[in-house]
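According to TrEMBL, the protein has these features:
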DOMAIN    1-264  domain 'F-BAR'
COMPBIAS  289-302  compositional bias 'Polar residues'
COMPBIAS  314-328  compositional bias 'Basic residues'
DOMAIN    337-414  domain 'REM-1'
COMPBIAS  351-370  compositional bias 'Basic and acidic residues'
COMPBIAS  441-452  compositional bias 'Low complexity'
COMPBIAS  474-483  compositional bias 'Acidic residues'
DOMAIN    485-546  domain 'SH3'
Amino acid sequence: MDWGTELWDQFEVLERHTQWGLDLLDRYVKFVKERTEVEQAYAKQLRSLVKKYLPKRPIKDDPESKFSQQQSFVQILQEVNDFAGQRELVAENLGVRVCLELAKYSQEIKQERKMHFQEGRRAQQQLENGFKQLENSKRKFERDCREAEKAAQTAERLDQDINATKADVEKAKQQAHLRSHMAEESKNEYAAQLQRFNRDQAHFYFSQMPQIFDKLQDMDERRATRLGAGYGLLSEAELQVVPIIAKCLEGMKVAAEAVDPKNDSQVLIELHKSGFARPGDVEFEDFSQPMNRAPSDSSLGTPSDGRPELRGSGRSRAKRWPFGKKNKTVVTEDFSHLPPEQQRKRLQQQLEERSRELQKEVDQREALKKMKDVYEKTPQMGDPASLEPQITETLSNIERLKLEVQKYEAWLAEAESRVLSNKGDSLGRHARPPDPPASAPPDSSSNSNASQDNKESSEEPPSEEGQDAPIYTEFDEDFEEEPASPIGHCVAIYHFEGSSEGTISMAEGEGLSLMEEDKGDGWTRVRRKEGGEGYVPTSYLRVTLN
């Protein structure tokens with residue numbers, strides 16, 4: 001079925017329908033254009049949001065970037081940024097493949113439609129002109145027939161009139177004959193015009209207009225096909241980015257699963273572990289007896305002038321960590337303003353950086369030497385003397401970096417000894433073994449030495465040098481330790497022989513009180529029911545917290 005056969009008389013209907021199709025195409029193009037603007041605005045807002053929440057500091061200078069929570073959040077922001085890029089790609093594809101191409105096609109279809117309807121109107125005008133000519137020839141034939149009949153009647157009346165002259169009768173007959181001849185010519189002309197019009201009309205309705213209507217039908221069907229393809233491009237543009245968007249969403253899911261609280265706790269320890277020893281017990285200062293006492297019997301010192309002097313008064317006024325505010329520190333090259341553990345880490349980092357730079361300079365020196373040898377053997381490749389400034393500069397850098405490496409090695413050795421010393425002090429004061437492997441017992445020798453040092457320190461008064469030592473400057477606040485109470489209970493899974501200082505023996509299946517949880521070193525402090533408190537391997541216990 002085609003328009004030329006079925007809708008041969010619906011010229012105006014086809015004109016309205018094809019115009020409606022073009023309007024629909026233009027509306028869809030406008031819709032996609034506004035959709036593109038929405039996508040672009042959405043992507044722009046997403047990128048602005050990501051930029052707002054991304055860390056401002058470089059990862060190297062941002063300690064928070066070491067936490068899995070922060071890393072996951074940054075990864076999610078990056079995935080959102082990639083998602084915004086996919087929305088921009090959707091907008092770009094829609095703008096190019098739909099808006100531009102369909103808008104151009106719409107203009108072409110409009111020109112084609114205009115041409116077809118102009119051709120149809122010309123054909124209609126020609127048919128109307130032929131019909132007018134047919135009507136004119138018909139009216140002329142009708143008029144001539146009436147005139148011929150009237151002239152014949154006049155000639156017959158004069159011929160029967162006895163009073164009419166012969167000349168009048170002859171004249172009337174001639175006039176009747178003339179009119180009859182004119183009527184015959186009009187008849188022939190009318191017949192010819194009618195035949196010509198019928199031929200033109202048949203051509204118009206059965207050939208010319210059906211062809212035009214068929215062309216319009218083909219044009220409209222092509223427009224509808226192109227519009228349907230445009231509809232498909234809308235979903236195709238989305239489907240093209242679905243795999244990437246799925247990867248973005250999967251990346252967000254992976255980032256969410258990458259949050260590791262235990263690791264973050266360990267990172268916090270690594271970042272802020274000071275390495276200081278815990279403060280010792282605060283000595284009792286007796287203000288009720290303002291008499292002179294020996295330094296070992298009282299916290300009141302006896303100066304040379306005989307007046308009692310309160311020992312440690314300077315310290316009593318200072319705040320002890322962690323309750324006091326820290327004083328502002330001056331940054332030093334050896335990082336001595338930092339706690340021992342942080343100082344050791346920073347020095348280690350600087351030492352590694354200097355070592356890498358030194359190795360780079362050494363490699364460059366070797367490369368320059370090889371190049372110089374090549375130039376000496378093959379002068380046409382270059383002048384060996386031109387390399388001397390670079391070699392001299394490289395040697396200077398190597399010497400400078402060697403000195404810096406030695407300097408940082410010395411500082412690092414001093415910092416490590418300071419950390420070990422603080423561990424020994426803390427161990428002697430709290431009877432806790434050093435951080436051993438989970439499968440090995442504590443080092444008894446270090447505990448013994450630390451315990452002996454602790455006993456000696458309890459018998460002798462602290463010296464002025466000890467009071468002014470920088471290792472305790474951040475801990476200067478008075479506090480007293482509360483007697484520890486069990487925080488849970490545990491059962492020994494295996495037998496353990498506590499042969500080292502600070503450890504305690506236990507039998508398999510023995511119930512114990514949990515005094516202190518494992519701090520990550522593999523040891524847990526417990527108390528036996530019959531008395532006695534010490535450390536046992538965490539892996540030997542089944543622990544239940546209160």
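Don't overthink the numbers, they just go from 1 along the chain as shown.
A Cβ is built for glycine as well, from the same backbone N, Cα and C atoms used for every other residue.
Just so you know, TrEMBL annotations are computer predictions that nobody has curated.
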The compositional bias 'Basic and acidic residues' (351-370) - residue tally per DSSP class, helix then strand then coil: 20 helix, 0 strand, 0 coil
Per-state residue totals over the domain 'REM-1' (337-414) - DSSP helix, strand, coil: 72 helix, 0 strand, 6 coil
Residue distribution over DSSP helix, strand and coil in the domain 'SH3' (485-546): 3 helix, 30 strand, 29 coil
Averaged pLDDT, computed only over the residues in the domain 'REM-1' (337-414): 87
